[in-house]
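Below is one structure, written out as structure tokens; comments come after it.
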């Protein structure tokens with residue numbers, strides 16, 4: 001390597017790491033340095049808790065080193081990505097074992113934790129001793145470096161999550177917390193539409209988050225999930241290392257350049273804003289990146305991988321993306337993108353068809369593994385396995401005959417605005433997102449892609465078009481097959497995402513891969529090694545430094561995860577009770593009540609009567625759930641309550657909405673119970689039958705309860 005490339009290779013990763021740290025530390029939404037009385041600071045200063053964290057992070061190290069030694073013995077010590085993947089797999093298995101052994105079972109005591117860590121260490125040392133007797137000590141050094149990189153990225157993301165603060169996003173208080181509570185307590189079908197349409201989403205990931213925050217201190221829960229989200233850094237590094245290692249111009253400095261691509265990738269506003277939260281798009285990104293890593297290794301090795309092994313690896317990649325799609329159906333975008341990328345990969349047509357078919361075949365069992373149980377539940381209850389989505393196909397009587405979409409795009413868009421979306425995302429605007437953010441990476445990648453296409457076209461113009469072989473030779477660039485596949489995957493996934501969703505959070509995998517894609521496009525444009533290195537360094541720095549941080553809802557850490565002040569309830573007032581909920585009335589959009597319900601007495605049933613599933617639009621036929629709720633409430637013999645905002649507009653709206661249930665706010669008796677906290681100020685009002693009630697102070701004409 002020349003002196004210029006050596007200097008860039010040494011300084012670029014450190015520069016980008018410094019930019020990421022600067023963006024995190026000087027984030028205007030961060031809470032570090034903590035005030036002296038901060039709860040988070042008190043916990044972080046606790047020697048016992050710090051020691052427990054260190055033990056938990058390094059207890060799996062002997063098992064991970066065992067995996068590294070075994071991979072080094074079987075495949076050679078140069079397979080760095082194979083060692084990385086093996087250690088990641090061991091960490092995931094150990095983490096899941098600890099989760100089910102300690103958290104899910106409720107055995108979250110100090111003794112159980114220490115015994116579990118001791119068992120993991122002992123098992124790892126025994127296995128490592130056996131492997132070292134066969135392979136010697138040489139593979140251990142590489143394994144230690146890889147493990148420290150994995151742990152370092154996890155710890156950094158965990159600390160960033162703590163710095164950003166506790167999650168208080170709208171979705172957490174609406175359905176993430178409640179759905180897990182409802183699933184574990186078998187309330188689906190007992191309560192109705194508590195979190196509106198989101199009540200019917202797959203609760204599996206939410207269950208994991210719920211169990212952790214219910215069993216550990218909130219700040220440590222944030223650290224744990226931030227660390228888990230940090231696995232994406234290692235996967236990004238593995239993808240970049242694998243792809244760059246097959247390019248002659250970049251092979252010599254692939255380690256620092258791969259690290260730079262990984263650091264620039266995670267310096268992305270939405271990725272950082274979601275660290276340690278219940279916005280599950282970051283966690284699902286790790287599944288997608290793992291599948292991409294499997295595929296680029298498979299395609300890059302070409303004929304060195306037997307057809308049978310290649311087919312099974314493609315099935316594995318499909319299963320990973322299928323699992324992500326099962327957790328959240330928006331990840332199906334990447335199943336389509338990867339299938340198209342495999343079909344367009346520069347290998348023989350028979351192999352590309354076989355790989356695409358095997359990949360597609362793996363998506364289905366992966367999806368059923370994580371979502372099959374829930375799809376069955378929804379189909380039995382509502383007649384739609386993905387209720388309430390795509391109801392024009394399944395015709396469930398519990399939802400309107402329309403497809404629910406989440407397009408976030410201006411109604412005034414002209415045709416060319418759709419083409420300029422990557423450039424709009426580079427500006428600090430609230431476009432395709434819940435909050436304003438700015439990120440130039442897609443705009444830069446778009447410009448480089450257009451220049452690359454134009455350059456290829458100019459090359460083709462000087463070729464005899466009657467000779468396809470001559471055209472192919474003329475257009476043959478420096479790309480390896482896996483590099484070509486990665487670029488096609490990113491472009492295809494972006495197109496599918498824009499046609500289907502247009503919510504920037506769902507594009508996180510592509511945005512994390514964008515810096516690496518930019519480097520590959522620069523290689524095709526410039527060809528010269530020095531020029532590629534200089535241009536890549538400039539682009540990666542601009543991509544990282546050009547972002548504006550954003551906030552999806554954070555607050556300071558506290559002793560309790562939810563800061564609700566719930567009054568005491570007497571058993572006689574809650575037995576066989578029904579609570580009717582109204583989230584509208586205070587403002588145009590509803591406020592989330594799901595997390596509040598999870599803290600209220602479980603013996604009562606909770607029904608959100610202003611959900612579109614229960615309160616129909618004027619002139620429409622009532623849905624099946626509306627008829628069920630009307631019949632249930634009208635025949636109910638126990639106490640009935642109203643939960644809504646403790647302000648006059650909400651009470652007026654509630655009075656009109658209760659007419660059809662033959663209910664009204666009570667004019668006598670004790671005052672309503674107040675619930676305060678994140679949800680502002682709620683009141684739990686006792687209701688009475690209108691036939692026995694005094695005339696209400698709020699006029700309630702029949703029909704006024706309908707949404708207009």
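Cβ coordinates are placed from backbone N, Cα and C, and glycine is handled just like the others.
Nobody curates TrEMBL annotations by hand; they come from automatic prediction.
Source: prediction; values computed, not measured.
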From 307-325, 326-344, 383-401, 402-420, the residue range that TrEMBL assigns the feature transmembrane segment:
307-325
Check each of the ranges 81-104, 177-200 against TrEMBL and return the one annotated as transmembrane segment.
81-104
May I ask you to indicate which of 19-43, 219-243 is given in TrEMBL as transmembrane segment?
219-243
Same chain, outside the transmembrane segment (282-300) by at least 6, Cβ under 8 Å from its Cβ: which residues?
81, 85, 205, 228-229, 231-232, 235-236, 238-239, 242-243, 246, 271, 274-275, 310, 313-314, 316-318, 320-321, 323-324, 327-328, 331, 334, 338, 341-342, 345, 347, 355, 359, 480-482, 485-486, 489, 508-509, 512-513
For the transmembrane segment (81-104), give me same-chain residues lying six or more residues beyond its boundaries with a C-beta closer than 8 angstroms to one of its C-beta atoms, as numbers and ranges.
56, 59-60, 63-64, 66-68, 70-72, 75, 112-113, 116, 120, 139, 142-143, 146-147, 150, 208, 211-212, 215-216, 228, 231, 234-235, 237-238, 241-242, 293, 297
Leading contact stretch, 49-69, 483-500, 506-525 vs the transmembrane segment (219-243) - CB distance under 8 Å:
506-525
Might you confirm whether the transmembrane segment (506-525) is in contact with the transmembrane segment (442-462), defined here as three or more C-beta pairs under 8 A between residues 6 or more apart in sequence?
yes
Do the transmembrane segment (356-375) and the transmembrane segment (307-325) come close, with at least three CB pairs under 8 A (pairs 6 or more apart in sequence)?
yes
